[in-house]
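Feature annotations, courtesy of TrEMBL:
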DOMAIN    117-211  domain 'Ig-like'
SIGNAL    1-26  signal peptide
TRANSMEM  230-250  transmembrane segment
Amino acid sequence: MGHEWSLGPALLRLLHLLWLLPHSWTAPQGWQDNLQNHTFQHTMYCQDWSPRMGLSEAYDDDQLFSFDFSQNTRVPRLPEFADWAQKSGDISTVLFDKGFCQVMIHEIGPKLEGQIPESRGIPVAEVFTLKPLEFGKPNTLVCFVSNLFPPALTVTWQHHSAPVEGAGPTFVSAIDGLSFQAFSYLNFTPEPSDLFSCVVTHEIDGQTAIAYWVPNNALPSDLLENVLCGMAFSLGVLGIIVGLVLIIYFRKPCSD
């Protein structure tokens, strides 16, 4: 188990610190081979920007949970993780890390003003569907943000340049190298004329990254079903013909 903390960026004349408290667990040497290369990472961060406090837990860089400090509960990134999120035996440890993180930024930070170099990551965004694309069938758009540091961002969705409401919360998680990535989800029913955009604004310097999504090589759901049925029927007919040919061939009398 490792435990370390590091400092984040200073901005203009004021020192804005991003403190990280990562914990990582890897499988011991005596465990089975298929467990030796997996890592569970528990990272808490606090900063002068929004969100001021955050905690992410990831397994092999795939985020499982974030943490709602107003309710002191875990929030699963996907519904499949909901049962695990109910376990709250380590809440006291989380609250201790929260207090320690705040002490670092408010008491030690001012003493190091001017000595901490700036660190920036220009966000990169991309959008894709959670399930294979079929027109008229409910789906989910995923906006994936990488190269994010520090983790202060706002994500909004647009449809043909008009704001879209109803997007889920933005999930931020730490990855190797103590940089961050983020996910935002939007439920929708795709149509051939759709044009969606995910707008990511970095709150530190106001830089914006925009990723667009339009249907690509999609089939209407009814047409897709007809095509699949036609292929299955054709394969069935071909199998019957091949079977008849083989029967006729092997029933021929043998010649010397």
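Every residue, even glycine, has its Cβ placed from backbone N, Cα and C.
TrEMBL annotations: computationally assigned, not manually curated.
Counting residues per DSSP class in helix, strand and coil order gives 0 helix, 56 strand, 39 coil for the domain 'Ig-like' (117-211). The predicted model assigns the domain 'Ig-like' (117-211) a mean pLDDT of 90.
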